[in-house]
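Colleague: Take this structure, written in structure tokens, and hold onto it; I'll ask about it next.
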Amino acid sequence: MFHSRALLLSWLVGFTAAKDIHLDWNITWVWAAPDGFGRPMIGINNEWPCPIVNADLGDRLIVDVHNGLGNQSTGIHWHGFHQYMTGTMDGSNQVTQCALPPGSSMRYEFDVNQTGTYWYHSHEMGQYPDGLRGPFIVRDPSPPFAYDDEFTLTLTDHYHEQMSVLLQQYEADSVGAQAGVNEPLPAAALINEGFDTTTLRVEPNKTYLIHLVCVGNWPGHVIVFDDHEISVVEVDGTWVDAYPARDKKIRLATGQRMSILLKTKDNTDRNYAIWDSMDVNMMFFYQNRAIPEGFNPNTTAWLVYDEAKELPPAPDVHELDPNNDFVDDLVFVPASHEPLLEKVDRQIIFDTGVTQRDGRSVYTINGQTYVDPEEPTLYTALAASPENASNASLYGQVNPFVVQYGEVVEIIINNHHGNLHPWHMHGHQFQVLQRTIPEGGYFDGYFANISSTPVKRDTIMVQNHGHAVLRFRANNPGVWLIHCHIEWHVTKGLTGTLIEAPAQMHKISVPLDHQRICPSYGTPPGGTPSSPPHDAPRPDGASGSPQYPPKPWGEPDASAPEQDDSQPGGTPDSPEDFPQPWGEPEESPQEPPQPWSPSNNAQPPANTYAPEYPSGYVPVAPGPVIIDSELHYGGKSSHVECSGVNAGHTQDTTTGGDGCANAS
């Protein structure tokens, strides 16, 4: 376990034989205090933070998951992994699987066929901000850049109340609201799930690969490595030509990842701070919202050259200009130099905004808000004939968009809202052709400065009252979400669904253990969102559904795992009722005792941090915790051109004349 510490591993560069990585995970409630305030968190195997998953290209990942929460269903999404022809392993509840009920188990199994920086998290409402999240790093046997060692840093916003409470508050505030409501404020920013406790041990004249993973719920993060040269070399699993950041700062939206090369100094004269700040523009300025007295959006980590020397304060960073102070990810060039996808076959426009529906504020795509289907959308597609599966009306209120195999698809997202939205696509990376600055206006058919080799990623921040243009090739049959990655907005329907390559999708089969968890909800796999299962014609002409056992629906399955009825019926109320993951600190020169006690039993000081949070905030004592371990966080293991207005469109897929617009 790594309570808010950076952990560094060395790994031997060279050939590594492919292997099976078998993990047994029990999803449980754990009492933890990442910023000194004790609260229930969702952990794995009675520990929190959740473990990092390290793998090598070519491995096979096998994760057996048991839901030991007792009072919530769950599931695991592998964020950024395309799951080519293994769409049932995407882990999106009511999209590619039924939610995993308390006391039940299921397996995720897929080939590790992508390299780079990813993460895993629950796709059940509100669970990953409650702690069910962790990095997933896949090492490349032949990286395009040389480096000596590597670290992983996660960035997140943290809350003192559980999400179930905050979501109820957020929903209550939306009743009668005309233009959306203010999201609940976080209590702290965390680096590696700790507040002002993370240190990276470094040596002079070395180059380190640092994976940055924004696992947050709402605001983006800005990170600064004081007085060090850094170059961006990877975004969202794509190696890019090295891009020196120079005086620009790194900003990551929720769900985004980035890897940098950091060159260390040639001496050990001093240590250096790493400054991380939650995006105050998103939380306050774009919402015309006052900053509460005492609110602290920042946290600090350190590059430690000499443990005997002091840890300096964070660098003095004043106001940030969103138009000029950050590295623009559109300048990155994929190391593969993959060319711009041209001749667009299908253009999809998302006009996104907020409106009133049934007396409450909701988000919409083209006037429609996403509503969870009664059964997973993938199962609906698999149970239909290939012809019927192309009928968008089959899928209910999931904002479905059907695309056919091999099509070049262009998605235009017009953000009619006054704040930023990070959009994530499952099953793909997309090329980013264009993204405006804040208040940059909506897409009018014109492009400006389109790269001939656009950056590829799976999560993009779309600016307030602006737009973004994305392209991908539909070569991954399945059902894939495309959604805002702010959990508050997902609860209010800011989600779409891609029904991709319906004719080829029927080659996908649903594992038996995935089928067995559906009867727990009385949800048959197959049929339409509101009908019982039915036999559907298969491409080979055979009748019936080979994905599902040929027995009456609801009949007990003797091979199904027994339900565990001993689970608690709710979240424990005190630390004594939880598994205690911290224990006594081990005697080790590398791991001094924790500088704080994860408990709220002591009399807390007056809580002036934010009035809406309960009392019990225990200040964290200054000073880092440093640990070396074979577990968790660490382990080594452009040319821009204007392509013109059409930029690959056939004449009937876009409007406008000649020339380039000024959006950037």
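A Cβ is built for glycine as well, from the same backbone N, Cα and C atoms used for every other residue.
Here the structure is a predicted model, which means the values were calculated and not measured.
Look at Swiss-Prot and you will find Asn26, Asn71, Asn113, Asn205, Asn298, Asn388, Asn391, Asn449 tagged as N-linked glycosylation site, backed by sequence analysis. The Cu cation 1 binding site annotation in Swiss-Prot covers His77, His424. According to Swiss-Prot, the Cu cation 2 binding site annotation covers His79, His121, His485, on the basis of similarity to another entry. According to Swiss-Prot, the feature Cu cation 3 binding site maps to His123, His426, His483. For 340-521, the entry in Swiss-Prot reads domain 'Plastocyanin-like 3', with the evidence type sequence analysis. What Swiss-Prot records for His421, Cys484, His489 is Cu cation 4 binding site.
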Colleague: Spatial neighbours of His489 (Cu cation 4 binding site) among the recorded positions Asn113, His123, Asn205, His424, Asn449, His483, defined as Cα within 10 A: which are they?
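Modeller: The recorded positions passing the 10 Å Cα test are His483.
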Colleague: If we check Cα distances from His483 (Cu cation 3 binding site), which of the recorded positions Asn26, Asn71, Asn205, His421 wins as closest?
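Modeller: Among Asn26, Asn71, Asn205, His421, His421.
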Colleague: List the Cα distance (Å, whole number) between Asn298 (N-linked glycosylation site) and His123 (Cu cation 3 binding site).
Modeller: 27
Colleague: So of His421, His426, which of the binding-site residues has the fewest other Cβ atoms within 10 Å around its own Cβ?
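Modeller: Each of the binding-site residues His421, His426 was scored by Cβ atoms within 10 Å; lowest is His421.
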Colleague: Pull out the recorded positions from the set His79, Asn205, His485 whose C-alpha sits within 10 Å of the C-alpha of His421 (Cu cation 4 binding site).
Modeller: His485
Colleague: Quick check: of the recorded positions listed here (His123, Asn205, His426), which one has the Cα closest to that of Asn388 (N-linked glycosylation site)?
Modeller: His426
Colleague: Per DSSP, to which secondary structure element type does Asn449 (N-linked glycosylation site) belong, with helix, strand and coil as the options?
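Modeller: In the DSSP reduction, Asn449 (N-linked glycosylation site) maps to coil.
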Colleague: What is the total of other Cβ atoms whose distance to the Cβ of His489 (Cu cation 4 binding site) is within 10 Å?
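Modeller: Around the Cβ of His489 (Cu cation 4 binding site), 23 other Cβ atoms lie within 10 Å.
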Colleague: Restricting the comparison to the glycosylation sites Asn71, Asn113, Asn391, which residue's C-alpha is spatially nearest the C-alpha of His424 (Cu cation 1 binding site)?
Modeller: Asn113
Colleague: Please report the number of other Cβ atoms within 10 Å of the Cβ of Asn113 (N-linked glycosylation site).
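Modeller: If we count other Cβ atoms within 10 Å of Asn113 (N-linked glycosylation site), we arrive at 15.
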Colleague: Could you give the mean pLDDT over the domain 'Plastocyanin-like 3' (340-521), rounded to a whole number?
Modeller: 96
Colleague: What does DSSP assign His426 (Cu cation 3 binding site), in three states?
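Modeller: Where His426 (Cu cation 3 binding site) sits, the three-state DSSP reduction gives coil.
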Colleague: Between Asn449 (N-linked glycosylation site) and His77 (Cu cation 1 binding site), how far is it from one CA atom to the other, in Å?
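Modeller: With distance taken Cα to Cα, His77 (Cu cation 1 binding site) is 35 Å from Asn449 (N-linked glycosylation site).
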Colleague: Going by Cα-Cα distance, which of the recorded positions (Asn26, Asn113, Asn205, Cys484) sits nearest to His123 (Cu cation 3 binding site)?
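Modeller: For His123 (Cu cation 3 binding site), the spatially nearest of the recorded positions is Cys484.
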Colleague: Taking the Cβ of His123 (Cu cation 3 binding site) as the centre, count every other Cβ atom within 10 Å, in any protein chain shown.
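Modeller: Excluding its own Cβ, the number within 10 Å is 25.
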